[in-house]
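J.: Pasting the feature list from TrEMBL:
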DOMAIN    68-313  domain 'Cytochrome c assembly protein'
TRANSMEM  12-32  transmembrane segment
TRANSMEM  44-62  transmembrane segment
TRANSMEM  97-117  transmembrane segment
TRANSMEM  137-165  transmembrane segment
TRANSMEM  223-246  transmembrane segment
TRANSMEM  261-276  transmembrane segment
TRANSMEM  288-312  transmembrane segment
Amino acid sequence: MIFATLEHILTHISFSIISIVITIHFMTLLVHEIVGLRNSSERGMIATFLSITGLLVIRWIYSGHSPLSNLYESLIFLSWSFSIIHMIPKIRNNKNYLSVITAPSAIFTQGFATSGLSTEMHQSAILVPALQSQWLMMHVSMMLLSYAALLCGSLLSVALLVVTFRKNINMFFKSKNYVLVIKSFLVGEVEYLNDKRSVFKNTSFISFRNYYKYQLTQRLDYWSYRVISLGFTFLTIGILSGAVWANEAWGSYWNWDPKETWAFITWIIFAIYSHTRTNKSLQDTHSALAASIGFLIIWICYFGINLLGIGLHSYGSFTLTSN
């Protein structure tokens, strides 16, 4: 009883803190002068991480197994993973550009876990025979950490596509000015010189403005590549450990189960992303497009298969709350 009460308290504490963190983020977007707000949000994410860690530890103690046996527990672990990824830039004392994604992702997953699932899913139950293995912690934790990292990196790639799309539109309209200059050269040298002065004035303003867009795209590309590379490593380890576990539980390393198939498709998509990074002509937009497709594939693999409740992983299916 006391463990359930502590879990309930920590769930509300972590959810409340992360809500305050998101509010602070919105305030910092409007008021840049208050430096203390940004520091408060960072402390809030650390407090959220500690609260969810305590929640998982308590659930582990009273259930007798790692808290990764159903969708509710996996969503809580996914929220915990987002808070870990949030703190990655702090390792090198870099400015945290991931907070805009990690904080909302953490509150979304935890909010859905606590209020979007039926109360039966919140209860810890005895593990089914297939889950009674030492590979449970290794495989599921690696997969969920990979999902968190790949989702964050993919969202950064989506943001990169949005910024690049606007940049390409601006360049398109900008190119029309140069066409007018060339035409004016054919008409007359005087008109050309006048138009050239006006174009240089406009170009200096546009280049000054695009410099910050260039910096933004470089940061988005840098962090999306770093986070996706981390997630791809976790995904590879998770699939390999899952194959060993499948051989132990079902007698074969690969069964083309829907969950396994979509995990393999996810791996292929991000392998393509990693390949595009080796070719400079395919970087930025092309690699971001591959990561954006991967964002949808991850949700199908993690959420869609559980929603259908089919295959050998059907013990991960769930029921939504009814009004």
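Using N, Cα and C of the backbone, Cβ positions are placed for all residues, glycine too.
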J.: Under 8 Å for C-beta pairs, could you tell me which stretch among 137-165, 223-246, 261-276 has the largest tally with the transmembrane segment (288-312)?
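T.: Top-ranked stretch among 137-165, 223-246, 261-276: 137-165.
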J.: Report the listed stretch (44-62, 97-117, 223-246, 261-276) having the maximum count of Cβ pairs within less than 8 Å of the transmembrane segment (137-165).
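T.: Comparing 44-62, 97-117, 223-246, 261-276 against the transmembrane segment (137-165), the winner is 223-246.
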J.: May I ask for the residues of the chain that lie six or more residues beyond the transmembrane segment (223-246) and have a Cβ under 8 Å from a Cβ within it?
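T.: Residues 85, 88-89, 97-98, 133, 135-136, 138-140, 142-143, 145-154, 156-157, 160, 252-255, 260, 263-264, 266-267, 270-271, 273-274, 277, 287-288, 291.
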J.: Using a Cβ cut-off under 8 Å, which residues of the same chain at least 6 positions beyond either end of the transmembrane segment (261-276) come close to it?
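T.: Hits for the transmembrane segment (261-276): 143, 150, 228-229, 231-232, 235-236, 238-239, 242, 282-283, 286-287, 290-291, 293-294, 297-298, 300-301, 304-305.
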J.: Taking every residue in the domain 'Cytochrome c assembly protein' (68-313), what is their average pLDDT?
T.: 76
